[in-house]
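Sequence annotations record features per position, and here Swiss-Prot assigns domain 'Fe2OG dioxygenase' to 78-180 based on sequence analysis. Marked as Fe cation binding site by Swiss-Prot: H96, D98, H161. What Swiss-Prot records for R171 is 2-oxoglutarate binding site, and it gives sequence analysis as the kind of evidence.
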Amino acid sequence: MLLPIPDVLSPAQLSQLRAQLDVADWADGRITAGHQSAQAKDNAQLPEDSAVAREAGALVLEALARSSTFFSAVLPRRIYPPLFNRYSGGQSFGYHVDNAIRYDRSRGGADPVRTDVSATLFLSDPDSYDGGELVIEDTYGTQSVKLPAGHLVIYPGTSLHRVMPVTRGARVACFFWTQSMLRDAAQRRLLFELDVSIRRLTQDTPGHPSLIQLTGVYHNLLRQWADV
């Protein structure tokens, strides 16, 4: 499921993040790439162990914790610490698939995270740079994504994707992976659609007896499918 989630960051949070990142020391982005993707990757990235990356990542995690849409769509079990990248001067990232397992360096690299869901949080206004579209190959064909600053897009970690060359300005973004309680993307989609329907029915027909039954169906499916 490819899903844009608007306004994950407030204007104040976005301003705080950009103030931190604008004065940060960036490194070669290939430091976090696997063997295959390193050959296609050309960008700058904040070192994972830098103080700026840790502080900025904590702010992003706080914002995600307040997003009911993110929780409903992803059903997160573990979130890999958010990373930050920057593209400018023609830099790009060719087609690749994210590594299936990431090792959380903040925990000494001992804890594996299965990358069920990939996510990009845009931090640059789309009018401030040319190019830089996130191009994702999914079930319905090729999707090109370029969202306003503060907006998030999530998509299956199994997706073939790329970042187009940035020919003007700079594209700054946060990216991370989530291990879901449900490893199956089809199950996540079904539960998300069911949750959205229950929320809408709750608004349209509050107190309807069927809502209790539907909510029970949701939780029983989650109980049956969840890997916790």
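Note that Cβ sites are derived from N, Cα and C of the backbone, with glycine treated the same way.
Here the CA atom of H161 (Fe cation binding site) lies 17 Å from the CA atom of R171 (2-oxoglutarate binding site). Once Cβ contacts within 10 Å are tallied over all protein chains shown, the binding-site residues H96, H161, R171 are led by R171. DSSP assigns D98 (Fe cation binding site) to coil in the three-state reduction, outside any helix or strand. For the domain 'Fe2OG dioxygenase' (78-180), the mean pLDDT of the prediction comes to 95.
Taking all protein chains in view, 19 other C-beta atoms sit within 10 angstroms of the C-beta of D98 (Fe cation binding site). Taking DSSP states H, G and I as helix and E and B as strand, the domain 'Fe2OG dioxygenase' (78-180) has 6 helix, 60 strand, 37 coil.
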